[in-house]
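Novice: Once you've had a glance at the structure underneath, I'll fire off some questions.
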Amino acid sequence: MGFNVPVINRDSEILKADAKKWLEQQDNQKKCVLVIVSIALLLDNMLYMVIVPIIPKYLRDIHNYQVTFEGYHNETSQLANGTYLVREVGGRINFLDEELELGWLFASKALLQIFVNPFSGYIIDRVGYEIPMILGLCTMFFSTAIFALGKSYGVLLFARSLQGFGSAFADTSGLAMIADRFTEENERSAALGIALAFISFGCLVAPPFGSVLYSLAGKPVPFLILSFVCLADAIAVFMVINPHRRGTDSHGEKVQGTPMWRLFMDPFIACCSGALIMANVSLAFLEPTITTWMSEMMPDTPGWLVGVIWLPPFFPHVLGVYVTVKMLRAFPHHTWAIAMVGLAMEGIACFAIPYTTSVMQLVIPLSFVCFGIALIDTSLLPMLGHLVDTRHVSVYGSVYAIADISYSLAYAFGPIIAGWIVTNWGFTALNIIIFATNVTYAPVLFLLRKVHSYDTLGAKGDTAEMTQLNSSAPAGGYNGKPEATTAESYQGWEDQQSYQNQAQIPNHAVSFQDSRPQAEFPAGYDPLNPQW
């Protein structure tokens, strides 16, 4: 017997046995997997965005940059006692290479994530989903703790890059685990939609979370909180480890996933990957540039309102996830149309952003942008799992590594490209480019209409081929009337009889060395005699 648990007044061993029994049920396992993966994705995106309000000010406070003073002039005044007071006024402080160093610090996580993802997908396909996820979450715990305690730019850059290494394992294995546990199409779409909602929530709640805690308790506190949540989530993964889930195939051999390079060659997967990149380019372009544009075009906007401009669009994003899941259930063969509408909607909304003149007006196109992103992500991520199921091997590590690479490409190079475009051509040109690229890529998704029809035709073709092969086999062709044996009837005969318990053929009958049921003929049968 264990100890008595206070409040609920129950023995600890009984509670442990009840919890184990509850976890052994498949539906409860699925719920736990979804909660664990959603928390992991929430943490990863919070770590990506929480530094936005903290690090620029922190690097200035620790005197990380060389400083020059520009535009100052002396102003002299005489006090009543005859003392002259000289002040420098009218200038500004220039922090040398600030944008460059901030850009590398922001992009280092996504850049390393791009390079690690091919290896993480390969490892996940070989060893399963749970252990790589634990590795990724533990790496995120250590890297975030280092980031919390680091006091120099070099240490912060190292910790930030290490976060990308952990995210490459945690994100990919999390999405693959959902696809592996939720095998039914509608169920998988709903689960991935919930995970995507947590991704969006992490991106939107992280800046206010970091800003408030940084102002109240200093830099280490928000990062230490996130690091210990990472550790707790890694411990929770041990509850859902199922080492026997990915076993062997019908021949007793371990199932091997399709190599990533071969998945890249699949035109349907390549089309989905491109759409995921285009969907996230808008956010990757707008997030680092819209604040500066608002300060120029809407100078009377309070600073706190600029910081929470992305919070209202979170609700349309959740609504988009819900609508997409419902539409996929009603129109399962029109996934491509939902994604096409979302991409076009996103581009048109970006085109309208530069023409807004108030915060309330700006919220409307941003809401449509997030709604369109929800349509694209929620429809295409389940399709990646479906493509692997129908065209490759049902091992999901590499295909969701491709999805993670798509996100990382957008967020690694998006801020750099957007900054260059805004500097040379302006913010309006940036949004026109987003509109043009999204609307141009949207018709490409029309190629995905063949995904489900290909699956149907392939199944019919396989059945017809099996029927033809069995029709030409010697099982039923010796009586002059070839008998077609379908794959189902042949499999059913194998299930009912084993090779050792076949019906014994009399000695005077003609026997054939074949494992399937044979026709029996009377003694003296001559197949070449036309009398027979």
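Just so you know, glycine gets a Cβ as well, placed from its N, Cα and C.
When I checked Swiss-Prot for this same protein, it listed these features:
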type	residues	note
CARBOHYD	N74	N-linked glycosylation site
CARBOHYD	N81	N-linked glycosylation site
TOPO_DOM	1-31	topological domain 'Cytoplasmic'
TOPO_DOM	53-101	topological domain 'Lumenal, vesicle'
TOPO_DOM	122-130	topological domain 'Cytoplasmic'
TOPO_DOM	152-160	topological domain 'Lumenal, vesicle'
TOPO_DOM	181-191	topological domain 'Cytoplasmic'
TOPO_DOM	214-219	topological domain 'Lumenal, vesicle'
TOPO_DOM	243-266	topological domain 'Cytoplasmic'
TOPO_DOM	287-303	topological domain 'Lumenal, vesicle'
TOPO_DOM	329-335	topological domain 'Cytoplasmic'
TOPO_DOM	357-367	topological domain 'Lumenal, vesicle'
TOPO_DOM	389-393	topological domain 'Cytoplasmic'
TOPO_DOM	413-418	topological domain 'Lumenal, vesicle'
TOPO_DOM	441-532	topological domain 'Cytoplasmic'
TRANSMEM	32-52	transmembrane segment
TRANSMEM	102-121	transmembrane segment
TRANSMEM	131-151	transmembrane segment
TRANSMEM	161-180	transmembrane segment
TRANSMEM	192-213	transmembrane segment
TRANSMEM	220-242	transmembrane segment
TRANSMEM	267-286	transmembrane segment
TRANSMEM	304-328	transmembrane segment
TRANSMEM	336-356	transmembrane segment
TRANSMEM	368-388	transmembrane segment
TRANSMEM	394-412	transmembrane segment
TRANSMEM	419-440	transmembrane segment
Novice: Using DSSP, how many residues of the topological domain 'Lumenal, vesicle' (152-160) fall into helix, strand and coil, respectively?
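Specialist: Final tally across the stretch: 8 helix, 0 strand, 1 coil.
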Novice: Between the transmembrane segment (394-412) and the transmembrane segment (368-388), are there at least three Cβ pairs closer than 8 Å, leaving out pairs fewer than 6 positions apart?
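Specialist: In contact, yes.
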Novice: I'd like the number of other C-beta atoms within 10 A of the C-beta of N81 (N-linked glycosylation site), please.
Specialist: 5
Novice: Examine the transmembrane segment (336-356) against the transmembrane segment (161-180) and state whether at least 3 Cβ pairs sit under 8 A, considering only residue pairs 6 or more apart.
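Specialist: In this chain the transmembrane segment (336-356) does not contact the transmembrane segment (161-180) - fewer than 3 Cβ pairs sit under 8 Å.
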Novice: Looking only at the recorded stretches 161-180, 304-328, 368-388, 419-440, which one has the largest tally of CB-CB distances under 8 Å to the transmembrane segment (131-151)?
Specialist: 161-180
Novice: So which of 32-52, 161-180, 368-388, 419-440 has the most C-beta pairs under 8 Å when paired with the transmembrane segment (220-242)?
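Specialist: Against the transmembrane segment (220-242), the leading stretch is 32-52.
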Novice: Please work out which recorded stretch in 32-52, 161-180, 304-328, 419-440 has the most C-beta pairs separated by under 8 angstroms from the transmembrane segment (368-388)?
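Specialist: Answer, by Cβ pair count: 304-328.
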Novice: Once the DSSP letters are reduced so that anything not helix or strand counts as coil, what is N81 (N-linked glycosylation site)?
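Specialist: Where N81 (N-linked glycosylation site) sits, the three-state DSSP reduction gives coil.
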Novice: By DSSP, how many residues in the topological domain 'Lumenal, vesicle' (413-418) are helix, how many strand, and how many coil?
Specialist: 6 helix, 0 strand, 0 coil
Novice: Give residue numbers and ranges for long-range contacts of the transmembrane segment (304-328): same chain, 6 or more residues beyond its ends, CB-CB under 8 A.
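Specialist: Distant Cβ neighbours of the transmembrane segment (304-328) are 53, 185-186, 189-190, 193-194, 196-197, 200-201, 203-205, 207-208, 211, 287, 290-291, 294-295, 334-335, 338, 342, 359, 362-363, 366-375, 378-379, 382.
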